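> Handing you a structure now.
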Amino acid sequence: METQTAASAPSPSRASVPGPWRMAGRSLTANRSAMTALAALMLVTFACLLAPFYAGDVARTDPFTSNVAGSFMLGGQEVDIMQPNDNPLHLGLSPVGPTWNPSAYMLGADSQGRDVAARLLYGGRNSLLISFSAALVCIAIATVVGVSAGFFGGFVDTALSRLMDIMWAVPVYLFAISLSIVTISQGLKIGPFTIESDNLLIPIFIIALVYVPYAARPIRGRVMALRNAEFVMAARSLGVPQHRILLRDIVPNVSTTLVVLTPLLTALALLAESALSFLSIGVQAPAASWGTIIQDGEGLIYTRPMVAIAPGLAIVIVVLALNILGDGLRDALDVRETSRRGA
Amino acid sequence: MNARPLLQAEHLHKEYKLPRGQTLRALDDVSLTVMQGETLGLVGESGCGKSTLGRCLLRLTDLSSGDIVFEGRNISALSERALRPIRRRMQMVFQDSYASLNPRRRIGDLIAEPLRVHPDNEGRKRSAADITARLDELMSLVGLPQSALARYPHEFSGGQRQRINIARALALSPQLVVADEPVSALDVSIQAQIVNLFTDLRERLGLTYVFIAHDLAVVRQISTRVAVMYLGAIVEIGDTDTVLHNPAHPYTAALISAVPEPVIRHDAQRSLLRGDVPSPVSPPSGCRFHTRCPQAQPRCSAETPELRDFGDARQAACHFPLGLSA
Ligand SMILES: Nc1ncnc2c1ncn2[C@@H]1O[C@H](COP(=O)(O)OP(=O)(O)OP(=O)(O)O)[C@@H](O)[C@H]1O
Ligand code: SF4
Ligand SMILES: [Mg+2]
């Protein structure tokens with residue numbers, strides 16, 4: 001009989017066959033705007049990680065203590081941090097403005113005489129840490145919710161979906177603000193554990209929680225589509241047990257959705273964190289975040305606008321970059337589109 | 001022929017609940033027997049319930065009612081867990097060769113999956129070496145190079161992917177393979193190769209097939225018997241030559257006359273199908289084909305014809321069968 005070796009078999013080079021992830025990586029590296037966004041994010045993150053080095057060795061300042069009576073050296077001259085106002089409409093003293101000299105109040109001082117540049121870096125550490133952690137926690141919870149709802153369907157799905165609908169019906173910020181006011185004023189007691197009100201875990205978990213419905217919905221949709229996919233029926237017909245189908249066939253195909261969601265949720269979390277901190281119900285003084293620095297700058301907006309502009313700009317850049325990166329990831333990971341060739 | 005029944009289906013019903021409280025009868029009292037070693041072709045227009053029947057036979061879709069006896073055992077009420085050991089004996093090849101392979105897993109991983117989850121004949125877990133050996137065996141069986149094992153589904157053509165699907169279905173040496181339009185998505189030139197592979201494997205491994213197709217030429221080439229479906233019911237079933245050369249049911253005749261003459265020689269007068277297939281949500285009364293049947297009489301819309309034996313190893317459900325005295 002003819003057992004034809006399929007004529008156009010792929011060349012039999014076994015060496016490093018590119019998998020779906022590697023192909024996505026290639027397509028992402030070829031995407032110039034996504035790579036620019038990634039570079040910007042890495043730069044910001046790296047700068048923020050260097051905050052202690054900058055404060056200790058370059059600016060030689062303590063960004064967490066008030067220093068209204070102090071002075072610093074600029075070009076061999078001693079300069080007071082608080083200076084007579086140069087704005088005729090304002091009385092009293094104003095903090096020094098930007099000097100653009102990295103070792104001497106580069107972006108000026110805030111109303112307590114603290115170095116804005118150093119606080120910007122420290123604040124960035126908190127803002128990025130909170131938003132990224134919140135995104136991860138949110139996705140972890142949303143994955144459990146979305147996968148259970150999508151895979152088991154029926155009652156589980158109805159119950160979880162209704163819960164998500166109710167949570168989503170409350171405006172996100174209102175929800176986060178209410179939760180924050182309660183936890184910040186009282187701290188949080190869970191059994192024997194007490195989480196102090198200045199613990200970063202509080203904003204992380206609040207932000208993660210309020211965005212769970214946002215992330216769970218696409219995950220559920222993906223899982224439902226996968227559950228009806230022909231390869232899942234094929235696995236069933238092969239006698240593969242359900243838990244193994246879930247682990248080997250469904251979850252790996254959901255992971256792309258999770259990867260795409262991560263930067264988008266980080267951006268949302270960053271905005272939420274800034275809003276909460278701006279309202280003094282996120283990061284607590286004297287610690288900083290971009291939101292608290294904007295609040296510090298609010299009172300100085302006419303005399304020293306840089307205090308509010310610098311963290312505002314940082315938020316805009318990071319949120320924009322995260323969204324561009326998210327779009328790039330979505331394009332790169334769309335398995336169907338990139339790899340489905342003629343049937 | 002050792003005519004032992006391998007699979008018997010009795011009075012299968014499958015209803016889908018549609019939104020707005022409607023019920024769609026995808027299978028309406030289907031009974032059939034698949035003999036050991038035969039290939040039963042299943043034909044009919046799109047939407048007549050071929051896939052539903054194929055999936056119900058393997059318990060991949062839950063039945064509304066009816067019994068399925070496989071190798072002497074009633075499997076129609078078994079739980080998914082109790083079915084698992086039986087799944088080794090019956091397998092499916094799907095129409096969409098791409099959708100039926102998880103795009104994120106390598107071919108070797110995909111074909112090894114059934115070998116990993118099922119113990120070997122002595123009831124022991126298969127060793128990695130056993131699995132590798134079996135994979136190599138399967139690849140040569142379906143005519144693919146060993147190197148394919150390290151690759152991903154998207155790197156193959158449709159025909160190659162269907163070979164991969166066949167290799168996976170055969171991994172556990174099943175008795176019965178239900179193939180749901182395995183070639184209809186392929187180029188015509190590739191179709192012949194895959195049909196030949198199916199015939200070849202049947203001879204070598206003594207397989208029994210239920211082969212679903214809407215292309216009569218393909219069915220004629222591979223089937224020993226044919227069942228013709230219309231709106232969720234079997235309207236004619238019998239030996240391939242009898243049914244395709246001398247159809248008794250007007251619907252079979254109409255299907256055949258739609259095929260170009262040299263492919264299937266037939267004596268049936270040309271009778272083209274007119275009108276659309278009625279909705280399976282509200283099938284016509286009496287004979288469900290009466291709205292389109294050129295032979296229809298008043299009795300047809302009042303009285304439902306049962307499948308009747310015509311003494312030539314063929315049954316048809318028609319009050320006024322063609323070329324036969326009723
Ligand atoms: N999950 C479902 N829910 C509701 N209706 C369904 C479902 N699956 C199939 N049907 C309906 O059942 C009928 C039979 O479908 P089936 O897929 O078995 O037809 P088929 O003969 O295989 O058609 P095709 O040649 O297009 O594959 C169709 O009317 C279809 O719309
Ligand atoms: S029973 Fe009547 S309508 Fe139905 S196929 Fe036969 S002749 Fe046609
Ligand atoms: Mg079908």
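All residue numbers here begin at 1 and follow the chain in the order shown.
For all residues, glycine too, the Cβ spot is worked out from N, Cα and C.
Feature table excerpt (TrEMBL):
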- A:1-20: compositional bias 'Low complexity' (COMPBIAS)
- A:1-21: region 'Disordered' (REGION)
- A:33-55: transmembrane segment (TRANSMEM)
- A:128-156: transmembrane segment (TRANSMEM)
- A:128-326: domain 'ABC transmembrane type-1' (DOMAIN)
- A:168-188: transmembrane segment (TRANSMEM)
- A:200-216: transmembrane segment (TRANSMEM)
- A:250-272: transmembrane segment (TRANSMEM)
- A:306-326: transmembrane segment (TRANSMEM)
> Top stretch among A:33-55, A:128-156, A:168-188 for CB pairs under 8 A with the transmembrane segment (A:250-272)?
A:128-156
> Ranking A:33-55, A:128-156, A:168-188 by the number of C-beta pairs under 8 Å to the transmembrane segment (A:200-216), which range is first?
A:128-156
> How about long-range neighbours of the transmembrane segment (A:128-156): same chain, 6 or more residues beyond its ends, C-beta under 8 Å?
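Result: 44-45, 48, 164, 200, 203-205, 207-209, 211-224, 226-227, 246, 250-251, 254, 258, 261-263, 265-270, 272-273, 282-283, 289, 318.
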